[in-house]
Amino acid sequence: MANILHIDSSPRGDRSISRKLSYEFLTSWKDTHPGDTVTYRDLGHNPVPHVDEPWIAAAFSSPDSHTPELKAAIELSDTLIDEFLAADRFVFGVPMYNLNIPSTFKAYIDQIVRVGRTFSVDANGYKGLVDSSKKVLIITSRGGSYPPGTPYAAYDYQEPYLRAILGFMGLTDVTFIHAESLNMGEDAREKSLADAKDAIAQAVANW
């Protein structure tokens, strides 16, 4: 049995493609893995705050020296990190906004990427502290298309960033399913959604 952390980051509700597809995956997954548990966090509708000066002061100082104010500043981060580390697998629904991820998801990442908790640093450099055997599935929605080897590939700051920051914490087994070309005409949209649903079915069988 596994504990899956499912995160949606779109501010949209029923109109969100990334929500629908991540839900479709988890529903099918639960049918074939009924013993697994799912922890759900909705960043689109319940965003976490951006880091601020008290947060930074707390994150880069010894807990033994924390005042009540600093303890309060880092409390949510500790909760989010504990939740993140307790997961065995991760499913993220992430739309592309302006070539990158939503600010809600970036704020969450900033809360959980913390020295001494999810990464360490010494004279030899950085080391991820999250178990590298844990798998990540990221389902994205995109208005355009950014195929490798084309001029548009350079515009994709979504997948490269997520691979980099997850790898920084130690998570390197990352699978992407892109529902793209959603604003490039009805035919392209329908084909991309069908391809994404096929990829979801394959992920349910093989992930």
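Every residue gets a Cβ built from N, Cα and C, even glycine.
Swiss-Prot lists SER10, SER16, ILE17, SER18, MET96, TYR97, ASN98, LEU99, SER141, ARG142, GLY143, GLY144 with the feature FMN binding site, giving sequence analysis as the kind of evidence. Reduced to three states, the DSSP call for MET96 (FMN binding site) is coil. Within 10 Å of the C-beta atom of MET96 (FMN binding site) sit 24 other C-beta atoms, taking all shown protein chains into account.
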Using DSSP and collapsing to three states, where does ILE17 (FMN binding site) fall: helix, strand or coil?
helix
Secondary structure at SER141 (FMN binding site), reduced by DSSP to three states
strand
